[in-house]
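Working notes, beginning with the structure itself.
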Amino acid sequence: MIQLSNPRINKTFEALFALEDIREVFRQSLPTGLSSAEEQALKGKLAEIRKYLDEIEADGVGNGARQKYTGKIGSLDVRTREEEYINIHPIQAAGRLTPEARKAIIAYGDGYSTCDYCRKPFRLDKITKPGIQDFHGDLARWLNMDQARVVPGARRGFQAVASALVEKGDSVIVSALAHYTEFLAVEQAGGVVKEVPKNEQNLITADATAQKIEDVRRTTGKLPVLIMIDHFDYMFANEHDVYGIAKVAKQYGIPFLYNGAYTVGIAPVDGKKIGADFVVGSGHKSMASVAPSGVLATTDEFAAKVFRTTQMVGDVTNRKFGIKEVENMGCTLMGGTLLSMIASFPAVVKRSQPQNWEDEVRKSNYFLEQFRRVQGSNVLSEWPRKHTLTKVDTTGSYNKVAETHKRRGYFFNDELTAKGIIGEFAGATKTWKLNTYGLSWEKTKYLSEAFLDIARKYDLPIN
């Protein structure tokens, strides 16, 4: 199926690219000003931009006929899905950049852009211009923890904690719904994962965690050295009893890592109220930031260990890099990733306030109530929803159409795409995941009606 694009969006991108070409003219010029050849190049690009702007305005009558877009960035296709579609992809929704983050990328996209004013003690979290040092303090206060560091994704937060606390052969408690990166972090540190089984509702409980700790102690003769549990897991986005599990961890004297990959940045998170020793979040999943980005926050009790500085001394040069943090490999996010986090932060703080998160969950439940009206469409995640990410089952509805359709499961993708909806797993009509985070009520209602319209088209029963 050939996807046609909105010409106004296409020309908007072309105008943006032409502006970047103008920017390159200035970058290549002398500090004293443009040469005559550079002035001509500038005027040519300005004329090109005016043409695009006129076309964008003219195409506004009826929004223009959709057409195939062949624009390229070198060999790369231009990504326009966020401008052209309602995107319900399960892991992209809350990583969508704010306008401020996109602007920050324009200004700070160069490699070591954070290092313009790096002075002693030569460490990322000590840089004051731009305000990276202050941002680290803001992160810690926002999460109600004592110290925080930015890291290249939540996985690097898991890795840093495991590296600091886990020795070869140590047991680490994780959920039976844990993300693979939690496994890898433990494995790299030489530890062994021990999974807390989920119950019939696909939930991880405090009692089950306590039982697992006892099982580990009985079989190994030692307590686990770390407990890592997701607040909302990636498979179902079910809410797990992190408060109760944190209490169990405290009772046994085991450090507790709160995995907030699906909460930090969209929902209220108070690390000390939870009882967490570590809070890990994902910038590119939930904080409207460029990948890879994330946050690791901890208490003063554990900061000296997880943020320890190097003691290594060169045997020939006698060099020592004492300010560099071992688990973080020194500096972490040295460019546009970090600046996008900083630029998005005010919006992220606002959107994660309780009333805003509650509204997002209401929209998720509204859509799913309409979705469930199609007989045979079910929600596999806990119901009613407490999150915007949801696992659904359409085996008894849209999959019945797929069984006889010449396009098989791809018919569903075709129908959704034709309605301006994208992000479901193309070809999947049995079990799959979606995320409504960030959609307006208008888009939520449009999305709901689109699913019902497809059901009507194929004579699927609707309650």
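Every residue gets a Cβ built from N, Cα and C, even glycine.
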Looking at pyridoxal 5'-phosphate binding as recorded in Swiss-Prot, which candidate out of N144, N259 goes with A154, R155, S282, G283, H284?
N259
Most Cβ neighbours within 10 Å: which of the binding-site residues N259, S282 is it?
N259
Measuring Cα to Cα, how many Å separate A154 (pyridoxal 5'-phosphate binding site) from K285 (N6-(pyridoxal phosphate)lysine)?
9
Excluding A154, R155, N259, S282, G283, H284, which residues of the same chain place their Cβ within 8 Å of the centroid of the Cβ atoms of the recorded pyridoxal 5'-phosphate site?
V151, G153, G157, A261, V280, G281, K285, S286, P292, S293, G294
Tell me the Cα distance separating K285 (N6-(pyridoxal phosphate)lysine) from N259 (pyridoxal 5'-phosphate binding site), rounded to the nearest angstrom.
13
How many neighbouring Cβ atoms, not counting its own, are there within 10 Å of the Cβ of K285 (N6-(pyridoxal phosphate)lysine)?
25
For pyridoxal 5'-phosphate: widest Cα to Cα gap among A154, R155, N259, S282, G283, H284 in Å:
15
So if I measure Cβ to Cβ from H284 (pyridoxal 5'-phosphate binding site) and keep only same-chain residues at least 6 apart in sequence, which ones fall under 8 Å?
G95, G153, V290, A291, P292, S293, G294
